[in-house]
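Undergrad: What TrEMBL records for 104 is active site, proton acceptor. According to TrEMBL, the feature NAD(+) binding site maps to 9-28, 86-89, 170-172, 213. Residues annotated as substrate binding site in TrEMBL: 53, 56. The domain 'Deacetylase sirtuin-type' feature in TrEMBL is assigned to 1-226.
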Ligand code: APR
């Protein structure tokens, strides 16, 4: 089976009702990222940080995967599909994708602030001050904040280097190191980009499918079948 590697961003979850970051009315229009998604923010005002992620987690518990997530999961019938996502939602997994690598962590998990190997599944939306790990330290969102290392990058680079087909979907390619992953595709590997407003900084040989995720993945399937 050919290996089809996907790099997804917030745009693939937009049709599920989750806000993106940099679109109109995106999350970074509502919040100052330095106040809710950085280690300094956590030191300064942990309650605000917990509230920011609680709001997003509450929404996540109430939404479903969309046709984009489901279409990618269905591609597993014909391809060895590996998903690299910048998203912290679990919609790829809930749509049936079996190989998902989260570059920026997972919203439905929390981790210890004294031992980062202690990671816990959250079965409800609220993480509160006083919720502690087994060693008694406050739990934090298991999410990569601005200024923190993206430890999954080496694995993501290896996946992109192994791709026979590369698909980028729903990302503005604004945030590194994730945005740099495209540079690791091998020679002559076809790259498809699905986005209604494609980012301008992609090379000319990228096949642009200027559609939303749901319709775009259907169009991708049609092209791949040719
Ligand atoms: N279908 C497909 N793509 C869409 C849709 C849709 N329905 N709606 C919007 N998009 C596209 C936008 O055109 C944009 O290119 O999704 C992209 C969303 O870009 P961002 O909001 O910047 O999200 P993302 O690229 O995932 O951000 C990367 O930045 O803030 C950090 O950690 C955060 O993981 C996030 C990272």
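Placement of Cβ uses the backbone N, Cα and C atoms for every residue, glycine included.
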Undergrad: Any idea what the Cα distance is from residue 56 (substrate binding site) over to residue 17 (NAD(+) binding site), rounded to a whole Å?
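TA: Cα of residue 56 (substrate binding site) to Cα of residue 17 (NAD(+) binding site) measures 11 Å after rounding.
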Undergrad: Taking all residues of the domain 'Deacetylase sirtuin-type' (1-226) together, what is their mean pLDDT?
TA: 96
Undergrad: At the Cα level, what's the spacing in Å between residue 53 (substrate binding site) and residue 21 (NAD(+) binding site), rounded?
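TA: Between the alpha carbons of residue 53 (substrate binding site) and residue 21 (NAD(+) binding site) there are 14 Å.
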Undergrad: Whole-number Å only: compute the distance from the Cα of the residue listed as 'active site, proton acceptor' to the Cα of residue 86 (NAD(+) binding site).
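TA: Cα of the residue listed as 'active site, proton acceptor' to Cα of residue 86 (NAD(+) binding site) measures 5 Å after rounding.
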Undergrad: For residue 17 (NAD(+) binding site), just count the other CB atoms lying within 10 A of its CB, please.
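TA: Excluding its own Cβ, the number within 10 Å is 12.
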Undergrad: Which of the binding-site residues 9, 13, 56 have a Cβ less than 6 Å from any atom of ligand 1?
TA: 9
